[in-house]
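What Swiss-Prot annotates here:
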- 8-629: domain 'PFL' (DOMAIN)
- CYS416: active site, S-acetylcysteine intermediate (ACT_SITE)
- CYS417: active site, cysteine radical intermediate (ACT_SITE)
- 645-774: domain 'Glycine radical' (DOMAIN)
- GLY749: glycine radical (MOD_RES)
Amino acid sequence: MKTEVTENIFEQAWDGFKGTNWRDKASVTRFVQENYKPYDGDESFLAGPTERTLKVKKIIEDTKNHYEEVGFPFDTDRVTSIDKIPAGYIDANDKELELIYGMQNSELFRLNFMPRGGLRVAEKILTEHGLSVDPGLHDVLSQTMTSVNDGIFRAYTSAIRKARHAHTVTGLPDAYSRGRIIGVYARLALYGADYLMKEKAKEWDAITEINEENIRLKEEINMQYQALQEVVNFGALYGLDVSRPAMNVKEAIQWVNIAYMAVCRVINGAATSLGRVPIVLDIFAERDLARGTFTEQEIQEFVDDFVLKLRTMKFARAAAYDELYSGDPTFITTSMAGMGNDGRHRVTKMDYRFLNTLDTIGNAPEPNLTVLWDSKLPYSFKRYSMSMSHKHSSIQYEGVETMAKDGYGEMSCISCCVSPLDPENEEGRHNLQYFGARVNVLKAMLTGLNGGYDDVHKDYKVFDIEPVRDEILDYDTVMENFDKSLDWLTDTYVDAMNIIHYMTDKYNYEAVQMAFLPTKVRANMGFGICGFANTVDSLSAIKYAKVKTLRDENGYIYDYEVEGDFPRYGEDDDRADDIAKLVMKMYHEKLASHKLYKNAEATVSLLTITSNVAYSKQTGNSPVHKGVFLNEDGTVNKSKLEFFSPGANPSNKAKGGWLQNLRSLAKLEFKDANDGISLTTQVSPRALGKTRDEQVDNLVQILDGYFTPGALINGTEFAGQHVNLNVMDLKDVYDKIMRGEDVIVRISGYCVNTKYLTPEQKQELTERVFHEVLSNDDEEVMHTSNI
């Protein structure tokens, strides 16, 4: 039932909350600062699952398993909508079974039809699953709707098209929604939609100067206002009145779920992250515990129900998309812990409750649990986090001090994988990101050496550049050529990104996400790198060893021979690590020299997801690895292929132990890659100590060292930014992975159940370094080739 939103409603909802500076203008940030309670205790207060929770879990798992066998249901006769699709339930015959309502579609795991990103793509997804869109709907959409994909390809330059065809610039969000935007969904819980709509209306009225920028902003605010009304309508489908603020922690969780699921009904971005939700919910929970409104068991049950809902989220994806983002990730990144500007840590009981879901409802890839790590966090929480990583290998860690030095504040959160955002920041830091996937820097370098001819398809000219004709490669000559190749690559990449984000705002503006953000926002534009380690190692080989080019009769380089030893990135050798820093600096400075859409700031990520496998299959030989080559019939031969390492990881051929890897990564300048420097590591429990307690304590010390400036490398300010932590022995999981059993691991930037990986991706995963010692100063590191 709709409630009249009066001052009395706010007095009732906010009773017991401190402070006034968050009441007159929406600011979850200020609300949290005034009201959160740091928790210094341990996990002993946590409750286990209820029978009801386990019943809901079983229904979800059984339904998903069934559809994985027979095929998932798809909408084929209706376009997705926030409020026009009926309410959905876990069990339509027992609606009271649920505690937290709101689902992505009207039926569990029914996949929404989302054509606004690209009608052809949406229809191709159906075709790949043996289905087709309703002919009448196709006719209406094809005649009346311009999709983002349509707009992008109307504007793409010939240089972009060549780069896409060569797979040097590929995988961009030009055929799928961009993602990486995080609404402050707790705003709905704290204020209700009516308050937020009135605030948007005031901001619309305040814009009086009519120019191109303000015309667009007024239209966007209007769309946000309409989206908030649709969120109210969505809540009403379940009998919920989200126009008013939440009265207790159950409603706060419920309101957040309605806001988030409204987003997931209409936006299928490559990452749909949740943001900094636990700390806000904890404030409601602490008030309810003090009042005796709910027990700890009840609050954990609400959290479990919410997380189970998040795990039902699924988008219809094309096969080409799955090659880049395998395992069907949704990147429901949930950020917790961290430090406040006043020196207080931000660990709360709710952080424990979210991590506890790995035990109560079982290990799973989603939500993407992310701990913002600082050495000053309570030891009990750090130890609990490490204990859960030791048990589950499904938590990622981000270094607070590294990100804070670059201006990311106390309510920053992680988007997608490793990318910091500060959604409510009023001091000019990034509120959102214009996502740009990544490009193949190694391929661009190899193509440049061949005079702009593709490194696999030698007859295909990608860009104009003088080739390097030396038989023995000279470092300075190669760097001059590489510098010009990077000019072409970054120019082309920026042009593509500006077009993509202009067209996305024009044809598929994410109004419902933007409605939960400040009206005036500042964006970064995320540019990524793939093939980083092999690029660095190739340049190191050219500089410190002897690299001979192998050419065909036309002078085309098809392979390389290396004589002598050379340092590799990841071995804690400044000779290689300085090259890594130089490559990042060159790349970032070239990007930053461009004018970007809506005056965004260029940021760089060393992150690949599973695209390192896809890019490997599109790249020829380099001085340090075997790539693909063409058979006589023109098909690609992958028989000798060595996969790229993921993200910022060193090559599998690097001789460093885990500590050497950490030191090399800590040297990288975050200012040159402040979209994230992703390290995915696998370490054997045996490398950490003899007993489980010793292993957990050592993990705490290692992460403290990696994330604390100067702690890992004395006399420096170097510190790391991100770690995907897997604590496991390869021999314990190898057979399970290859047989397609459930094995949850962290890969580059997210968590995946390995049964959903392709055979090639499983192969690449099991070929990664699994550290059996912490440092190669003691013993050799075990590679999987030794198994």
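These residue numbers are counts, starting from 1, taken along the chain as shown.
Each residue, glycine too, has its Cβ placed from N, Cα and C.
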Completion exercise
In this predicted model, the domain 'Glycine radical' (645-774) has a mean pLDDT of 93
Problem - Whole-number Å value for how far GLY749 (glycine radical) lies from CYS417 (active site, cysteine radical intermediate) (Cα to Cα) - result: 4
Handout entry: Rounded inter-Cα distance in Å - the residue listed as 'active site, S-acetylcysteine intermediate', the residue listed as 'glycine radical'
Key = 7
Exercise for the section: Restricting to the same chain and to sequence separations of six or more, state which residues have a Cβ under 8 Å from that of the residue listed as 'glycine radical'. Expected result: GLN396, CYS416, CYS417, VAL418, LEU607, THR608, ILE609, GLY647, GLY676, SER678, THR680, ASN724
